[in-house]
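Features reported for this protein in Swiss-Prot:
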BINDING   ARG339, ASP376, ASP380, ARG518, ASP521  (2E)-geranyl diphosphate binding site
BINDING   ASP376, ASP380  Mg(2+) 2 binding site
BINDING   ASP376, ASP380  Mg(2+) 1 binding site
BINDING   ASP521, SER525, GLU529  Mg(2+) 3 binding site
REGION    13-90  region 'Disordered'
MOTIF     376-380  motif 'DDXXD motif'
TRANSIT   1-53  transit peptide
Amino acid sequence: MAGITGVMNMKLAARPSSGRHSRGCRPAVVPSAGKQMLLVRRHPPGSASWPTRATGGGGGGVPAGATAADSSGQAKEEEEEDRASRNTSSFEPSIWGDFFLTYSSPLATSSAQKARMVHRAEQLKKQVAKLIAASGACSLYHRIHLVDALERLCLDYLFEDEINDMVTQIHNVDVSGCDLQTVAMWFYLLRNHGYRVSSDVVFAKFRDEQGGFAANNPRDLLNLYNAACLRTHGETILDEAASFTSKCLKSLAPYTYMEASLASEIKRALEIPLPRSVRIYGAKSRIAEYGNQTEANELVLELAKLNYNLVQLQHQEELKIITRWWNDLELQTRLSFARDRVVECYFWMVGVYFEPSYSRARVILSKVLAIVSLLDDTYDVYGTSQECELFTKCIESWDPAATGGRLPGNMKFIFAKILDTCQSFEDELAPDEKYRMHYLKTFIIDLVRAYNEEVKWREQGYVPATVEEHLQVSARSGGCHLLSCTSFVGMGDVADQEAFEWVRGVPKIVKALCIILRLSDDLKSYEREKMSSHVASTMESCMKEHQVPLEVARVKIQETIDETWKDFNEEWLNLNTNSHLPRELLERIFNLTRTMVYIYQQDDAYTNCHVIKDTINSLFVEPVSIT
């Protein structure tokens, strides 16, 4: 679609022209007003009861001489008086409530039990490290398959140096005499690790005169399909491979005649291709599938199970921290118009980094996402146009005294909580890390400016004339700029000031992330949102720009998403080969993109959180059976 290149050159905090408001679409991170919740409160599998969140909130906030009930009642009375003149939301209460405050895993019955798990995992790590070292004498296919298995099982972070050495060796292998399955896996592995390998050179010999490929079985098709999803602009052979393999894989349905694990892989890949999937969300399924493979290694399998359970215990402790923080803010007792989704926020951000070493970064990022969600609902549901304008100016000032008597009590309350939360981040950072907060605040301010623009659009019923104009603001209001920056804030020394300056400039890979998310969200949500009052989406701008009906606009938007993925892949390769940024940082951006794809592939699983309830339960509650 023409015009998107202009968006790729947008700058942070570039204010839209005041004469014609440049679109302020709902953030991609969270949905807009008018979205109807399909949520049903359900008990988790295997539990006898399900806790609801206590209405009294966490500690603090009760004046001397008053009871928690008095404070809660007063807040409720003030809210009810205010609510009559405002929009209302239909968001359901949290599914999870305080569940993780009291949940005790069957794996954590004693410190001795956990110590035994850790000890056994350390033994297995040493044995698997020897296995990796010995694989250098094995076939290329065997080495690729081993690395692929370790990555799918979320074990690669335990063997980072060993895997990097092996990938370097694999890169130097001549694959001209290999079969399609091996070549496709080789290409996928190297592209995924940031190596710019030629597609024409390795895949040309597998093409036929009809434009197809010499794929002899479903596994060949699947591997070629995954490889093709890492294509960049101008790679015609991979465009053809993607089209060919997609059609062939779909034609194989219902897959009843093939191995169950392969059938599951194909179904998942057609929903979300492997390079765009969130590994930790599907790790438990892949552990089970790996265990059913004839070439599975028992040491790798046992380590995968133990490591999954140990990581799960770490995540459970962090969920206690997150839930307690959310309760202590007392947001759910005063702000009934907003979504209570703190567990879903944490689930989302675990996809950005699941590894135990990123605990501080993960907790900070989850809290910021919860704040983003609250801000979105404040602009989208609660505030009037005038109030949102004042609220934006208050946040721009970053001064608690700026609220004066002009803002509603709830907006003052929210502003104070944002300041308190950011101060807590700063207190947690080391002296030589505190500069990071400047970048975080800058992106929060830019986000609320974009939110404020969308309020103006909604009030005016304005539809941007082009998709490019729309994205000048809606790509910013998606929150991905802020989350990209925040993903660095809690990391270690690897995130230096050069990295923050890089992300402050909103590099092309982050812009591509923002566009992919905005368009994917609008593509999924248009039919639902048009039934209620909402901010114009990119779908409407596309129809207006090209004077086409809805179905044609859908095709154009999908084409733009596909082309933007090529931009993303190109930048992934450029940054891995031509920049000084550590891959550890670049992975945060790629993983953030993957989580966005997952959430919006599910038709906004953040708001419609029943969609991911079972996945959350599987990831954070149910351990993997070791036997």
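The backbone N, Cα and C atoms fix where each Cβ goes, and this holds for glycine too.
Residue density at ASP376 ((2E)-geranyl diphosphate binding site): 26 other Cβ atoms are found within 10 A of its Cβ, drawing on all protein chains shown. A simple way to gauge crowding: the CB of ASP521 ((2E)-geranyl diphosphate binding site) has 28 other CB atoms within 10 angstroms, across all the protein chains here.
Of all the binding-site residues listed here (ARG339, ARG518), the one with the fewest other CB atoms within 10 A of its own CB is ARG339. Whole-number maximum of the Cα to Cα distances across the (2E)-geranyl diphosphate-binding residues ARG339, ASP376, ASP380, ARG518, ASP521: 20 angstrom.
Looking just at the motif 'DDXXD motif' (376-380), the mean pLDDT is 94.
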